[in-house]
Amino acid sequence: MSTYLPNDDMASFSRVLSKSKHIIAVAGAGLSAASGIPTFRGAGGFWRKYDAISLATPEAFRNNPSRVWQFYHYRREKALQCEPNPAHMALAAFSNKQIREVLAPRSTFTLITQNVDGLSRRALDSIPSSVPGIDIDAGAIDSQPVLLEMHGRLFDVVCTSSACGHRELNFTSPIVPALAGTEKFVEAADIEPEIPTTDLPRCSKCGALARPGVVWFGEVPHYLDVISKLVDKADLCIVVGTSSTVYPAAGYASEVQDHGGKVAVFNLDRSEGDEDADFLFLGPCEKTLPAALGLKKD
Ligand code: APR
Ligand code: ZN
């Protein structure tokens, strides 16, 4: 990695921000780090004990749904204990048209997150004046989506029967009695109970085995068509707390730059491709992002 550091001047970033018309943010696990959710590849990443590739695949689920459900149950319980941090709140505030009108007049903004923890959605929900009438999902293609959770959601539960395919939001804790307390085993890397599939989460419509509604390795992320249109027209891409190693998200910043847009990276450490960024703000995004967006509370 080169030792050249791109611009870290907040004032010149503010000038670029104020002139941008189509802004996207691409977020990763570092956005939620300050909330207490471990990242995948940085310090404290719990994937090091439990290899992401080995658990986050359709094959792993087919071979051992009990283990994979215990892992996702652990992540659901963790996410439920955590709160959005100032970086989530800054992005949520920036999603508000009235607030953005001051910082980047007549601009659009969409947050594209790889995170499945639901914290960005909770941050949006907690902003009282959150723009009414704007669909925060990609459902309505014509309206600008505010938030795209491209890797799915820990609290989505999806039927494994292709004939059914029922999907529902489920915040129940624990999701089924058989998973209660198993997060302790996972945390301690202890021996784990084998839960019969009949006691694992089942589809509420057809009774088939249900799976976590997250995008596993080898599966296609959500909203790719919508995202590709947003990337094509973006003139500013804000990259927050991602190692930029997992595609397609890792490629969005350079696509924006390729057609003349600017890129600003917010990361605790150096990350993949950041030497090409126009701006690089090294440090915790829960501090740098509110400041850079002009939303810092003093
Ligand atoms: N502020 C800013 N950046 C931070 C912070 C923080 N407080 N804490 C950690 N980071 C940075 C790390 O330096 C690292 O570059 O966040 C990044 C987290 O990277 P990963 O753990 O690789 O997470 P992510 O990029 O989201 O991973 C992408 O990989 O395992 C899959 O599907 C999973 O969505 C995930 C995808
Ligand atoms: Zn079903």
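Each residue's number is its place along the chain shown, starting with 1.
Every residue gets a Cβ built from N, Cα and C, even glycine.
If you look up TrEMBL, you'll see 3-298 marked as domain 'Deacetylase sirtuin-type'.
What TrEMBL lists as NAD(+) binding site is 28-47, 114-117, 241-243, 267-269, C285. Under the DSSP three-state reduction, L268 (NAD(+) binding site) is assigned to coil, being neither helix nor strand. Cβ neighbours within 10 Å of L268 (NAD(+) binding site), excluding its own Cβ and spanning all shown chains: 17.
Per TrEMBL, substrate binding site is recorded for Y72, R75. Around the Cβ of R75 (substrate binding site), the number of neighbouring Cβ atoms within 10 Å comes to 20. In the three-state DSSP scheme, R75 (substrate binding site) is classed as helix.
The secondary structure of H151 (active site, proton acceptor), as reduced to three states from DSSP, is coil rather than helix or strand. Annotation source TrEMBL lists active site, proton acceptor at H151.
Packing around C159 (Zn(2+) binding site) is summarised by its Cβ count: 23 other Cβ atoms lie within 10 angstroms of its Cβ, all protein chains included. As annotated by TrEMBL, Zn(2+) binding site applies to C159, C164, C203, C206.
With a cut-off of under 6 Å between the Cβ and any atom of ligand 1, the binding-site residues G28, G36, C159, C206, L268 reduce to G28, L268.
Among the recorded positions F40, R75, Q114, H151, no residue has its Cβ under 6 Å from any atom of ligand 2. The average pLDDT for the domain 'Deacetylase sirtuin-type' (3-298) in the predicted structure is 90. Reported as a whole number, the C-alpha separation between C206 (Zn(2+) binding site) and Y72 (substrate binding site) equals 22 Å.
Sequence-distant contacts of Y72 (substrate binding site), defined as residues of its own chain at least six apart whose C-beta falls under 8 angstroms from its C-beta, comprise L154, P212, V214. C159 (Zn(2+) binding site) sits 38 Å from L268 (NAD(+) binding site), taking the Cα positions as reference.
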